[in-house]
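Single-structure report; data block below.
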């Protein structure tokens, strides 16, 4: 499964290759593209962390996540409608919509983003009516291309998000130690130690757990 090729617009990439690219982009983004720090952080992540990192990344920046919802939600809705009318399987589109709906509800509830549902509906309606235009209409052709290339567009959104979201996939913490207070992100917890990416200069520091007197999650 991990070596299955992604068909079509993904150009024969494997799922493993996509996961590795996602990990590299996330790693470089959270260290502000500093080579030395990235080398240190690389030891704290592996391919098994992709799902956790993807969910954490989606929740790390509400502005970029809202933009991703505005792009993907209308395309998936229109694709689902078209698939049902043409008698095609639509389980993938339905699953994607359920995931996006969950994120949208959480975003509206957490950030009072009441503007999000009306804007999504407006964009969805616009895309749907463009799909009904004749093939000679440039808007209709563009809409049909978007719906047909939803897989490639989703992949592009995920990879762009991985590259531009600078907050890590874990919570920011205040860590009190015998030597002072540190704000950072705990990336790994090997026995007896904490590997922490500092919030400011993005340096990886290693703390002995015996020296840690308190840990508390704080808002970013």
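Note: Cβ is positioned from N, Cα and C throughout, glycine not excepted.
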The annotated transmembrane segment range in TrEMBL, which must be one of 12-35, 180-203: 12-35
Positions whose Cβ lies under 8 angstroms from the transmembrane segment (115-131), at least six residues beyond its ends: 66, 69-70, 73-75, 77-78, 81-82, 104, 107-108, 137, 139-140, 142-144, 146-147
Contacting positions for the transmembrane segment (143-165) when only residues 6+ beyond its ends and CB under 8 Å are counted: 6, 8-10, 18, 21-22, 25-26, 28-29, 54, 57-58, 60-61, 64-65, 68, 71-72, 75-76, 78-79, 82, 93, 96, 127, 130-131, 133, 135
